[in-house]
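Chemist: The structure is given below, and queries will be raised subsequently.
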Amino acid sequence: MLDIQQLRSDLQNITTCLAQRGYNFPVSDFENLESQRKSIQTLTQTLQAKRNSASKQIGIAKQQGEDVSTIMAEIANMGDALKQAENQFESIQTKLQQLLMEIPNLPHNSVPTGKNADGNLEIRRWGTPKNFDFTVKDHVSIGEHLGLIDFETAAKLSGARFCLLKGGVARLHRALAQFMLDAHTQENGYNEVYVPYLVNADCLRGTGQLPKFEQDLFSVLTNAQDETDNVDKTGMVGLHLIPTAEVPLANIVRNTIVPLEQLPLKFVAHTPCFRSEAGSYGKDTRGLIRQHQFDKVELVQITHPEKSYEALESLVGHAEKILQKLELPYRIMLLCTGDMGFSAAKTYDIEVWLPAQQTYREISSCSNCEAFQARRMQARFRKGQDKPELLHTLNGSGLAVGRTLVAILENYQNEDGSVTIPEILQTYMGGIKRISL
């Protein structure tokens with residue numbers, strides 16, 4: 001969420017910056033609400049001053065033995081008017097808050113301007129795509145040849161965009177997640193966290209998925225079981241399946257003041273992620289690239305504002321190192337203003353090479369959200385007895401497990417349909433060096 005004081009003082013510049021993101025800021029709505037707010041605020045202050053003055057007159061009149069009934073009646077009327085004005089003021093504040101919750105973050109000044117992915121900027125590449133001396137298969141053909149990826153049965157169980165992984169491929173998927181967790185906790189200084197996969201709406205508002213992207217979420221309604229449950233008007237508890245572990249990890253510091261000496265906080269979690277993929281009809285309908293349920297190892301850093309861009313570069317490096325250890329070619333893309341996520345001020349995408357598609361595909365997205373999420377979550381830090389300040393939050397995939405599996409199946413395939421296990425994963429696979437029939 002943007003700082004409303006910044007909006008009030010620099011509206012034109014902010015409107016221009018948001019337009020670069022493709023967001024048309026409702027200037028007239030904001031100015032109308034601001035005008036009403038100022039008017040009612042002035043009225044409230046005037047009524048409060050008059051009531052205070054009248055209250056003093058009562059004391060003086062009583063000392064002089066005068067009748068105070070008329071003044072008492074005036075105070076009562078002013079009290080009613082004041083209550084009405086306060087209710088109106090609260091209503092306007094709520095509308096302003098709702099408007100703010102719909103506004104995306106401001107792009108950092110280093111972000112290139114662009115309308116869509118065509119405006120993204122390639123930063124660097126690592127590794128050279130392998131030249132195969134046979135016709136490469138995609139991961140679906142490889143998995144089905146091995147009998148270890150089953151979309152048909154998954155569709156019977158759940159519907160489209162689900163899969164069953166079996167045998168060696170299922171074990172490879174598990175090995176990847178374990179390898180990533182070990183690397184991030186043992187080498188990169190992250191603390192592993194096991195998080196709930198169901199979260200309340202406050203969490204999703206904090207990280208920016210709500211209210212704007214509710215259609216992308218899977219929601220669950222159940223009967224209240226505990227007095228701490230968030231019960232709606234029907235007596236039901238509304239929860240959401242997490243679209244990413246960023247949501248529970250970042251919300252660890254919601255409504256919290258973190259002592260300065262504890263920063264940075266670095267969290268990692270391996271979770272399933274659930275997305276409805278609304279608006280993705282017809283995109284990546286084949287294979288594991290775009291599923292309703294997929295696993296991801298998520299990295300979150302909570303930092304001092306002056307350290308967040310240094311942290312972003314290190315976070316990207318942590319995700320890169322996984323691909324380097326797996327010897328998978330990739331490239332780093334700096335996203336343009338029109339292709340960034342709602343909460344991000346700056347985002348790097350890491351794209352891995354998929355030989356069957358002869359292109360690079362996103363496998364990680366690493367973002368600095370600056371104070372945008374922290375303001376929504378009221379996540380702050382404090383040095384000693386100083387006034388609390390907003391934290392900066394960062395997140396990134398380290399990595400998407402399913403897409404890493406896809407990259408290994410395709411980049412490590414052999415002519416006979418088998419798949420070689422990357423050397424670094426062989427200990428996680430119990431010494432298995434190849435998946436074959």
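Cβ from N, Cα, C; glycine included.
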Chemist: Figure out which of Glu187, Glu192, Glu298, Glu306 sits with Thr244, Ala245, Glu246, Ser397 in the L-serine site per Swiss-Prot.
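Modeler: Swiss-Prot lists Thr244, Ala245, Glu246, Ser397 binding L-serine, and from Glu187, Glu192, Glu298, Glu306 it also lists Glu298.
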Chemist: Other than Thr244, Ala245, Glu246, Glu298, Ser397 themselves, what residues in this chain have Cβ atoms within 8 Å of the centroid of the L-serine site's Cβ atoms?
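Modeler: My list of surrounding residues reads Val247, Leu249, Ala269, Thr271, Cys273, Lys296, Val297, Leu299, Val300, Asn395, Gly396.
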Chemist: Taking the Cα of Arg275 (ATP binding site) as the centre, which of the binding-site residues listed as Thr244, Ala245, Glu246, Glu298 lie within 10 Å of it?
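Modeler: Of everything listed, what lies within 10 Å of Arg275 (ATP binding site) (Cα to Cα) is Thr244.
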Chemist: Using C-alpha atoms only, work out the spacing between Ile363 (ATP binding site) and Glu298 (L-serine binding site) and round it to an integer in Å.
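Modeler: Rounded to the nearest whole number, the Cα-Cα distance is 12 Å.
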Chemist: Which of Glu246, Glu277, Glu362 (the binding-site residues) has the most other Cβ atoms within 10 Å?
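Modeler: Most Cβ neighbours within 10 Å: Glu246.
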Chemist: Have a look at the binding-site residues (Thr244, Arg275, Ser276, Ile363, Ser397) and report the one with the fewest Cβ neighbours inside 10 Å.
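Modeler: So among Thr244, Arg275, Ser276, Ile363, Ser397, the binding-site residues given, the one with the fewest Cβ atoms within 10 Å is Ser276.
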Chemist: Do me a favour and check the Cα-Cα span between Thr244 (L-serine binding site) and Ser364 (ATP binding site); whole Å is fine.
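Modeler: Their Cα atoms are separated by 12 Å.
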